[in-house]
Structures are given as structure tokens and as C-alpha cells.
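Visitor: Could you have a look at this structure, given as C-alpha cells, before my questions?
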Amino acid sequence: MQKHLFSFPTRRFLSKSIPHDLYDPPFSHSPKLQKTQNKFKQDPPNLPLKSDLPFNFMYSYSETHPSIKPISFRESPKFSPFGPGRLDRKWTGTSAPVQHQVDRNRFEEDRNRVLGAPLEDQEVAELVERYRHSDCSRQINLGKGGVTHNTLDDIHNHWKKAEAVRIKCLGVPTLDMDNICFHLEDKSGGKIIYRNMNILILYRGRHYDPNNRPVIPLMLWKPYAPIYPKLVKNVIEGLTHEKTKELRNMGLNSHPLMKLTRNGVYVNVVERVREALKTEEVVRLDCTHVGTSDCKKIGVKLRVCL
């Protein structure tokens with residue numbers, strides 16, 4: 001009896017036929033989805049890309065010194081970060097040098113033509129008031145990589161719809177802001193019209209044309225850093241081993257001049273260290289909360305700037 005009552009609703013449900021309407025399919029294609037799919041179907045560009053920029057392409061322009069040669073590589077130089085066959089320049093492991101002779105004077109003339117006449121004080125004040133605030137949408141953040149190659153493309157993308165771009169610098173590059181300003185102006189062709197601590201405003205020029213912007217091939221990935229010679233040697237040049245050990249112990253036991261934080265603003269570090277070295281033989285910086293790689297970069301920057 002119970003078995004008969006349990007099986008009866010099941011047979012009744014299976015006996016019903018599922019209605020099927022040819023004019024109302026269960027899944028219909030959305031027109032919005034088709035539009036988004038066709039949006040990304042673009043013709044590939046002509047490869048390899050050719051750029052007339054008169055400088056060697058590097059991952060970081062401000063944090064890499066071309067005079068210091070690496071002693072080894074962590075990856076083979078044949079793997080270009082621009083991708084296989086995408087650039088007409090050969091990757092050497094640290095840079096992609098220019099393949100032909102470049103007329104630097106013609107490049108400077110084109111840059112001056114784009115910049116046009118110098119801005120008046122009122123024009124500078126209006127641009128600064130528009131772009132100096134922290135809520136500005138036209139902002140680029142520079143981290144420990146400094147002025148990287150892909151940063152140049154970001155700058156020109158902002159210049160399509162804005163006369164200037166706000167640049168906020170953090171970390172190791174802020175030790176030498178003059179170096180940052182030089183590479184931003186030299187590589188992008190713009191002009192620094194405002195500088196306050198770690199905040200910069202880069203102006204594009206009066207006659208800037210987004211349709212005639214330079215060709216900047218993008219790096220598809222960050223290349224591995226090469227292996228450079230040892231920064232801190234066991235014995236300092238000109239000193240004996242005993243004297244070097246004595247100075248190190250003196251520095252480790254001394255009170256730190258200042259405490260550095262990770263990705264902080266180090267604009268005044270060089271000046272304070274220079275002033276302290278006038279009276280002290282050894283100066284100590286507390287880098288407890290700074291990464292090991294950043295500590296090495298800070299040491300290189302201080303050795304160059306001092």
C-alpha cells in the first residue's frame with residue numbers, strides 16, 4: 001500500500017511532456033555581450049615596433065646606472081621583456097640600445113617646439129591649483145622602481161585628456177629627487193612646473209598632439225635584476241682590517257640619526273647625513289622596517305649623493 005502510494009506521483013510526473021517552444025529558446029544571446037566581444041577584436045599592430053626615441057630602453061632609468069656593469073645575469077639575455085619579435089632593438093640583459101645613430105639636436109628642437117613659449121605665472125598657478133591636490137584623478141605613483149619604461153606610456157596616456165599629470169614619489173627614489181626630475185623631463189619631453197617634497201607636476205607643452213605621440217613599446221614583464229659586484233666590502237679602501245672593524249662597531253653602538261620606514265619619503269635624508277658627517281665620523285640610520293633590497297639601494301644612493 002505504501003509502496004503503491006510512493007510510486008504513483010512519480011509515474012504521473014514522468015507521464016507529463018515538457019513543452020518546447022521553438023520561438024522561445026531557453027538561452028538567448030545577449031546583444032551587449034556580443035558588443036563587448038567585438039570590442040577587443042582589433043587588428044594586430046605591425047611588428048616589430050620601431051621607435052625613434054634617442055635613448056636606450058631600460059626597465060628603470062632613474063635607478064640604474066649605465067656605467068656599473070653586471071658580473072652575471074639571473075636569466076638569459078636572449079629573453080627580451082618586450083616579447084619575441086615585438087621590437088626592432090636587441091635586448092642585452094640590462095637595456096635595448098639604439099640601433100642607429102640619433103640626431104640629438106633634432107630631438108631637442110622637436111621638444112622645444114612642442115613645449116612652445118614658457119608659461120606665464122598665472123598659467124602656472126592655474127595648473128598647479130588644478131593638479132596639486134591629493135584627490136586629483138591624473139596621478140601616477142612612483143615606487144622603488146623609480147622612472148620605469150612603462151611609466152612613460154602612462155604619462156602620455158594621461159596627456160591625451162589633461163595638460164599635466166601629478167606624480168607622487170615614494171621609497172628609495174626620493175633620496176635624489178633631482179635625478180627623478182631629470183629623467184622625467186628627458187625621457188617624456190615634458191616640463192616640471194611644480195615640485196614640493198615628493199610631489200611633482202609634469203606639463204605636456206602648448207603644442208602637444210596626442211595623435212603624434214612617440215612610439216613607446218611596452219615591457220610585458222619585469223626583467224630579473226642582474227648580479228652586480230658586492231656593495232659592502234670586508235675592508236674599506238685606504239683602511240686596515242682593524243680600523244674597518246672598529247668603525248663598524250662604533251656605528252652599530254651609536255644612536256641612530258633617524259629612522260626610515262618602508263616606502264617612506266626620504267627627501268631630507270641626504271642633507272641630514274651630510275650635516276652629521278661634518279661633526280661625526282660614523283653615522284647610523286635605523287632601517288629595521290626597510291627591506292633588504294631597499295637597504296642596498298639606499299646605500300648606493302647615499303654613496304653617490306655624498
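Just so you know, glycine gets a Cβ as well, placed from its N, Cα and C.
Pulled the feature table from TrEMBL, pasting it below:
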{"type": "DOMAIN", "residues": "117-215", "note": "domain 'CRM'"}
{"type": "DOMAIN", "residues": "237-306", "note": "domain 'CRM'"}
{"type": "REGION", "residues": "25-47", "note": "region 'Disordered'"}
Visitor: What mean pLDDT score does the domain 'CRM' (237-306) have in the model?
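Guide: Overall, the domain 'CRM' (237-306) comes to a mean pLDDT of 91.
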Visitor: Give the residue counts of the domain 'CRM' (117-215) per reduced DSSP state, in the order helix, strand, coil.
Guide: 41 helix, 23 strand, 35 coil
